[in-house]
Amino acid sequence: MEGVLYKWTNYLSGWQPRWFLLCGGILSYYDSPEDAWKGCKGSIQMAVCEIQVHSVDNTRMDLIIPGEQYFYLKARSVAERQRWLVALGSAKACLTDSRTQKEKEFAENTENLKTKMSELRLYCDLLVQQVDKTKEVTTTGVSNSEEGIDVGTLLKSTCNTFLKTLEECMQIANAAFTSELLYRTPPGSPQLAMLKSSKMKHPIIPIHNSLERQMELNSCENGSLHMEINDGEEILMKNKSSLYLKPEIDCSISSEENTDDNITVQGEIMKEEGEDNLGNHDSSLAQPASDSSSSPPESHWEEGQEIIPTFFSTMNTSFSDIELLEDSGIPTEAFLASCYAVVPVLDKLGPTVFAPVKMDLVGNIKKVNQKYITNKEEFTTLQKIVLHEVEADVAQVRNSATEALLWLKRGLKFLKGFLTEVKNGEKDIQTALNNAYGKTLRQHHGWVVRGVFALALRAAPSYEDFVAALTIKEGDHQKAAFSVGMQRDLSLYLPAMEKQLAILDTLYEVHGLESDEVV
């Protein structure tokens, strides 16, 4: 549905006509239909907002996300408001029903997996008992050979049952958790790093003419270019020739969009052109030096040698780009973005079998980020987050940011260990993974988790397939210059990663935050 509604802006401009479009469960608005190519000035997700009918004005309705977003709207007539209410309510109901069904299926699959995991623990205990029994029979000598045969048969049967149950666990996980629930970037997390033609702090999407603009609009869900940002934010910055997308921008809503309470919004905030803007913005647009192409980076020659880009040289955010702050402070935002940028390595190892590892890594990033966005001004470094929780005596509470960061750095150590093995010339991916796991995560895992990892190792790709997945241009891995490029990029990436992990290790050791808990 689309049409004109009056939107409350501020006490200076009052109610102003805006063109609204309801599409795909998102209500977005523009100055006019003719200005739609510029991108929407604001939008609201119907699935999470409340629809309130005004008690006095029979043409007014309010769309509210408590504590975040407020749309105060008026229709031109009672009948028109009723049509909008029906359309908005239907969109909200459809989205809610769909989401409820997905959540129900997810919960059922989770319960099934928990049941199988309980069975695994039972068989694990039986295995331990039967191994002890086998040892006792062995120490008695060969006189009681029949008993030894019986114990051996029983142990073999238990092992087979254990492996069968473990495979069933993996089948449930593969069937249930390979949907968008697993692979999409979770809300409240930094945008997953994408391969760019060059490292840029602020990605640029050039739009040179009205035809290209229209093509971009046709590909968008709600008629505007947008990208996911922390806390579900979508921030669209406009310019005459380009749209600049900048993640992690904290703004106060402009004066035209303010109510008398001067509400600060962490959701979408759009700066309206041609109107009074008396609000203060915390961040400003970064102007690009020149237009960039969105095509993959090409290899080039320097001093007679071919330079081939790799996954690590084209990462949007890298540990090697992080500049430490005062007292070796690790900037929170840059660190979390760098963590997200390395997550695709797990997809290249196997998006299904390594899904549990990826889910754990992403979950811990999200937990730390949720703490960060509660007070971005204070939690500028990881150390400040940890020390804040230490002082509040919640650092070792379950699901705290400190605990999440503990497991996050352990997961990063595993990835660093694996990449170090590859850099040092290990051609067997299974061996590289097993060595890295043995040095990092294995000591923190119990029998069941170790068994799951052992099963995942069987599906690890060959060295050739893994290296091919790290190329930007197909076939580059067959060139000798690509191996040189991998060595070059990892020689920059791994030491920077190791330095920051060492700083975190020291922080946790000084405050006694390391844990021997086994999962």
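Glycine is treated like the rest: Cβ placed from N, Cα and C.
Remember, it's a predicted structure, so these values are computed and weren't measured experimentally.
What Swiss-Prot annotates here:
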- 282-298: compositional bias 'Low complexity' (COMPBIAS)
- 1-93: domain 'PH' (DOMAIN)
- THR139: phosphothreonine (MOD_RES)
- SER145: phosphoserine (MOD_RES)
- THR153: phosphothreonine (MOD_RES)
- 274-302: region 'Disordered' (REGION)
- 310-519: region 'Glycolipid transfer protein homology domain' (REGION)
For the domain 'PH' (1-93), the mean pLDDT of the predicted model: 86
Of all the modified residues given, THR139, THR153, which residue's CB has the most CB neighbours within 10 A? THR153
Going by DSSP, how much of the domain 'PH' (1-93) is helix, how much is strand and how much is coil, in residues? 25 helix, 41 strand, 27 coil
Helix, strand or coil for THR139 (phosphothreonine)? Use DSSP. helix
Cα of THR153 (phosphothreonine) to Cα of THR139 (phosphothreonine), in Å and rounded, measures 18
